[in-house]
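One structure is given below, encoded as structure tokens.
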């Protein structure tokens, strides 16, 4: 067996007289003669002070660095960007959210390649920073491990009528809708505002960040049990230290990201997301990560796996509980062990421990699902997975719906068509949207938006106005992980690419059938052909800057909205 070099890249900056200048630079940041034989580990962090999601990452990065030292490596920390969806929601800033995923992946690749670092610990806390980091790991194919910042504790509020309840960030969006509809006072709205974020950590439900953290653990890219503990929990410091040690161990064994990120690993990730009833954004992100790993994953794989995996997590936004409750009952390993025992998970997949999924779960020996937060597989919330891909005349390439929170098996109604989200929001707040309507928001796709904005503001307003079970919302944009109800997104092809959604007109009948997995525009093809005659897309919204570049490169949502 050939000897494994645990410094596969950094020798070019540490060895020989040609490395004199680079060694001199590295001496200035603390390295010395005793360090040249150590592998150099990039500690990539999306820490910032803009959002509570990332506040713990500076502390966790220090723990990871200590772990790297303990393992025999030398850590070198660097930062990347992160966008807060909670702050950027509902205005122009949301155009930049999904774009940040690509910026994060590109920036981590840039530093790792330029500085010839040997391996990396990747730390993130916000929705797009998690997949961005995992995309970078897959693209680089070095020894790598991911560590999540952890989720926030739920807030607590007492309203003016004496009602007391736990609240998350999603409650604030819905409260805005209720206030605008005259169903909540501004005083109670302020009370909710002051309660939703009591400290550090990512949004607490099974929204996008917690879905992706669970997925990272299921993929084998995070230490077992590391997804669920809250951000403020000191177990996270232990996971940080162990992650630093683990990446050095991976280097010693010659294990790289693509050894872990196999087709079976992605199937495990989909199964776990289905069981939890995770965010629709997981479809985009897993497709993108798989593409970076050169794994043949398609949008149809989600239905194939979802057919056999029950939905067992009673978690917000559609359920009762949050990630802290999952942690109290054993975390992600509980779900993985239940799926493994039922033959719904591949136990032979390699992980960052150097052991297989089955070996890790045997060591942890997690308890069975508690039956409340996490149901048993023979008593599920739904018999199939919490996400479904729809196809039909309105979405030939596909659309995504969170069936875990969808309140109708069949919905048929007349279209109310809007170009971009703002026009739809104005119509809703003016009372021009009625029960039974199908609100169609086009030109919000990856290219046409650009940036495929999340529609949490309008979905929460619909729910807050009491129309959540009576109005269907369709878009070529996407939804927040906190969205629930009659919402279907990721419609592809998008409007700017002459997808059928571009040719829907007010009054057209649209029908969705969840059991049949169909989404159809009930208009004769001859009429659609006539509408296409002389059609031209809306002009680009941005002609300079990152969004102009992005709109020229980005692919269909059905391919993960990737740019490469």
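Any Cβ shown, glycine's included, is placed from N, Cα and C.
The [2Fe-2S] cluster site recorded in Swiss-Prot includes 53, 126, and the single candidate from 203, 349, 442 that the record places there is 203. Take the Mg(2+) site that Swiss-Prot assigns to 85, 127, 128: the candidate from 444, 454, 494, 525 listed for it is 454.
Residue 53 ([2Fe-2S] cluster binding site) carries a helical DSSP state (H, G or I).
Set side by side, the binding-site residues 85, 127, 454 differ in how many other CB atoms lie within 10 angstroms of their CB, and the most is found at 127. For the [2Fe-2S] cluster site, the Cβ centre of 53, 126, 203 serves as reference, and the other residues of the chain with Cβ at most 8 Å from it are 51, 52, 54, 84, 85, 86, 125, 127, 149, 152, 201, 202, 209.
Residue 480 (active site, proton acceptor) has its Cα within 10 Å of the Cα of these binding-site residues: 85, taken from 85, 126, 128. Long-range C-beta contacts of residue 53 ([2Fe-2S] cluster binding site), restricted to its own chain and to partners at least six residues apart, with a cutoff below 8 Å, comprise 82, 84, 125, 126, 149, 152, 200, 201, 202, 203, 209.
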